[in-house]
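S.K.: Copied straight from Swiss-Prot:
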| type | residues | note |
| --- | --- | --- |
| ACT_SITE | Asp247 | active site, proton donor |
| BINDING | Arg54, Gly55, Ala56, Arg97, Gln206, Asn257, Lys258 | substrate binding site |
| SITE | Cys167 | site 'Transition state stabilizer' |
Amino acid sequence: MTTNNAENNSIYPVRWQDNKVWLIDQTRLPMEYGEVEITSSEAMARAIETMIVRGAPAIGVAAAYGMVLGAQEIKTNQKEEFLADLTRIADRLAQTRPTAVNLFWAIERMLKVARESGPEVAIISKNLLETAHNIQKEDVETCRAIGHHGLLALPEQPEKLTILTHCNTGSLATASYGTALGVIRSAWTAGRLIQVYADETRPRLQGAKLTAWECAREGIPVTVITDSMAAHCMQQKLIDAVIVGADRIAANGDTANKIGTYSLAVVAKAHNLPFYVAAPLSTVDFSLKDGTGIPIEQRDSAEIYQVGTTTLCPRNVNFYNPAFDVTPAALITAIITEKGAVTPAELIFLQDS
């Protein structure tokens, strides 16, 4: 079987160096590649809110390092006072993106480490940094496992596939490698991929700007389409499978992901195409029985009526800008995790794995 190499071209959107964090500024891609220096927990919160860093797993990593920066800001040697201040910092970070459960998972993990550490504040801070490093390292390993299991879950026929994806789920959205795009990378490396169709993903265009950039950078053939073209492409038999990521998955498999995902799932079902969700188990919120309890972030209307400095719409009209929608589990063929690919009904069995 022919193989391709997309393995050694890694991107790391969150980087710790010299007691500060460096973030790839994803708002400037693809026209300009640059990093932003983050030196405080508040700066990290703003970076998450403004989507300098985005993607549920990457947000979790960034928030963990935001907690480390916050710990450096606290001026006390008393553990109780330190924990009180750290909790306030955690609350601020938790307010940034309400849908992405990895954010809350990482923050709670950091708080747990702080609470369970000994009384010395210096040791607590050291443990927090070590935990943030571990969260980052674990996510890379998790994404590679998702890529492996996703490759095995893909349809056996045709031998070479054309895959449609939505938003950006690659290295930029994770610690590195990616979830849904990680599966696509694995398929490309294994010689099973013809090309990727990338929805542009309005209103922020993460597919056109970020997924296309990642694929082109790695030599993976990619075709960008507008969101409204997806059904036509399926009807014309240009698509063999759909793979998306997730920001929060309920216990029954209902999945919140970038707005427009639900439409893709409905149309994929109508055309008898497999629809996969690729996400780490940290994205699964087992406390929610179904998707009705998932909070949906509402973002600024300017994201709809303006691109860059260009106004697209009359300003004397109303705008509605939910960042996510919820795809019912019944429309999902399989959920691909680091523990394997399962049906939505089987997801609950991975809770304690």
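Each residue, glycine too, has its Cβ placed from N, Cα and C.
These figures come from a predicted structure and were not determined experimentally.
Can you tell me where each of these features sits in the structure?
M.R.: Look at Asp247 (active site, proton donor): DSSP puts it in coil.
Listed in sequence order, Arg54, Cys167, Asn168, Lys258 are the same-chain residues at least 6 apart in sequence whose CB falls under 8 Å from the CB of Gln206 (substrate binding site).
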S.K.: Which chain neighbours of the substrate site, leaving out Arg54, Gly55, Ala56, Arg97, Gln206, Asn257, Lys258, have a Cβ atom within 8 Å of the mean position of the site's Cβ atoms?
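M.R.: Sorted by sequence, the hits are Ile59, Ala100, Cys167, Asn168, Thr169, Ala173, Gly245, Asp247, Ala323.
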S.K.: Rounded to a whole angstrom, what is the C-alpha distance between Asn257 (substrate binding site) and Asp247 (active site, proton donor)?
M.R.: 5
S.K.: What span in Å does the substrate site cover, taken as the longest CA to CA distance among Arg54, Gly55, Ala56, Arg97, Gln206, Asn257, Lys258?
M.R.: 17
S.K.: What does DSSP say about Ala56 (substrate binding site): helix, strand or coil?
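M.R.: DSSP assigns Ala56 (substrate binding site) to helix.
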